[in-house]
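Inspection log for the structure reproduced underneath, given as structure tokens.
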Amino acid sequence: MNIAAKPPLTIRLCGPRGFCAGVDRAIQIVVLALKSYGAPVYVRHEIVHNRYVVEGLEAKGAVFVEELDEIPAEHRAQPVVFSAHGVPKSVPEDAASRNLFYLDATCPLVSKVHKQAMRHNRLGRHVVLIGHAGHPEVIGTMGQLPEGSVSLIETIEDADAYVPVDPDNLGYVTQTTLSVDDTAGVITRLHERFPNLTAPAADSICYATTNRQEVVKQAAPGCDLFIIVGAPNSSNSKRLVEVALRAGAKKSILVQRAAELDWDEIGAISTLGLSAGASAPEVIVNEIIEAFRARFDARVELAETVQETENFLVNRELRNIELTAADMAFVNG
């Protein structure tokens, strides 16, 4: 019996992809807290926007809540971790009022945006925050400042319609996970309308967001399909889907697990682009590759722009706890 040959497929695997230093740090904080203090360790909001990661931490003993009042009184001696997206100032204040011990896993680059916004405010500027309404990072940044001292701008249309009280006394910051190109367009329009608009001391969009978008731009032309591994509530992952389409991929989709792949819809392809959002673990990237290898004679080509070496330290309370490869195998493989 003749066995049909698998059709050839080139997979353009983007690098860098997947976890950034801030996500790595946040997950490590929860893992180390569990090793140090024992289960349960409470986490306010998803530590990062990825269900695979959340479920892996739940299996280790983490309990995810949306508000601090969900923590049972009998467990208030256990630590609570704040997510990588950052929280309003009111959250640690609430934790202190409840005598909760908390570990802040806010990404240091998000904390930098908080400081930039507070500096604008301290110098008397009204803060313009470029970001997506309702995103936890935006909620956290707006929550650093008094009510009414921040205006949220999402699009160029918002920038056109914006009417500030004092157009000569504005300073902007941005969410860290936005589209680099879209954000540049909004900033340009704001500068056109408000020439005295003050920029932050450093770019707010994080290195990892920029790097992942740049390599997707380079890899996308000529791809029949581009897959971004990530969750539907992951801002940076959704931006990568958009970047791939704009850069020339015929189709781009967001996938959480290989089981979601619709092979009838994928059809006959010869070139596949593959990357992962900053909160998507490498084990799922490998899972996707193996799913395609089962159906295609797949050859993987690495499309790499830069190598990332950034590393953020965990909280001081956890630095003497050993973190092993086995501790992180659930996400790293």
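One is the number of the first residue shown, and numbering goes on along the chain from there.
Just so you know, glycine gets a Cβ as well, placed from its N, Cα and C.
For reference, Swiss-Prot has these:
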ACT_SITE  GLU137  active site, proton donor
BINDING   CYS20, CYS107, CYS206  [4Fe-4S] cluster binding site
BINDING   HIS49, HIS85, HIS135, SER234, SER235, ASN236, SER279  isopentenyl diphosphate binding site
BINDING   HIS49, HIS85, HIS135, SER234, SER235, ASN236, SER279  dimethylallyl diphosphate binding site
BINDING   HIS49, HIS85, HIS135, THR176, SER234, SER235, ASN236, SER279  (2E)-4-hydroxy-3-methylbut-2-enyl diphosphate binding site
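Largest CA to CA distance in the (2E)-4-hydroxy-3-methylbut-2-enyl diphosphate binding set (HIS49, HIS85, HIS135, THR176, SER234, SER235, ASN236, SER279): 15 Å, whole number. Separation of the C-alpha atoms of SER235 (isopentenyl diphosphate binding site) and CYS20 ([4Fe-4S] cluster binding site): 14 Å, rounded to the nearest whole number. For HIS135 (isopentenyl diphosphate binding site), the spatially nearest entry among the binding-site residues CYS20, CYS107, THR176, CYS206 is THR176, judged by CA separation. Same-chain residues at least 6 positions away in sequence with a Cβ under 8 Å from that of HIS49 (isopentenyl diphosphate binding site) are, in sequence order, GLY230, ALA231, ASN233, SER234, SER235, SER237, SER279. A Cα-Cα distance of 5 Å separates HIS85 (isopentenyl diphosphate binding site) from the residue listed as 'active site, proton donor'. Following the DSSP three-state reduction, the secondary structure of HIS49 (isopentenyl diphosphate binding site) is coil. Other than HIS49, HIS85, HIS135, THR176, SER234, SER235, ASN236, SER279, the residues of this chain whose Cβ falls within 8 Å of the Cβ centroid of the (2E)-4-hydroxy-3-methylbut-2-enyl diphosphate site are, in sequence order, VAL48, PRO136, GLU137, THR177, ASN233, SER237, GLY277, ALA278. Counting only same-chain residues at least 6 apart in sequence, those with a Cβ under 8 Å from the Cβ of CYS206 ([4Fe-4S] cluster binding site) are CYS20, GLY22, CYS107, LEU109, THR176, THR177. Residue environment of SER279 (isopentenyl diphosphate binding site) contains 31 other Cβ atoms, counted within 10 Å of its Cβ in all protein chains. In this structure the alpha carbons, written CA, of ASN236 (isopentenyl diphosphate binding site) and the residue listed as 'active site, proton donor' are 12 Å apart.
The [4Fe-4S] cluster site is set by CYS20, CYS107, CYS206; from the centre of their CB atoms, other residues of the chain with a CB within 8 Å are ALA21, GLY22, VAL23, ALA84, PRO108, LEU109, VAL110, THR176, THR177, TYR207, ALA208, THR209, ALA278. In sequence order, HIS85, GLY86, VAL110, GLY131, GLN175, THR176, THR177, SER235 make up the list of same-chain residues 6 or more apart from GLU137 (active site, proton donor) whose Cβ falls under 8 Å from its Cβ.
Counting every protein chain shown, 25 other Cβ atoms lie within 10 Å of the Cβ of SER235 (isopentenyl diphosphate binding site). The Cβ neighbour count for SER234 (isopentenyl diphosphate binding site), using a 10 Å radius over every protein chain in view, is 24.
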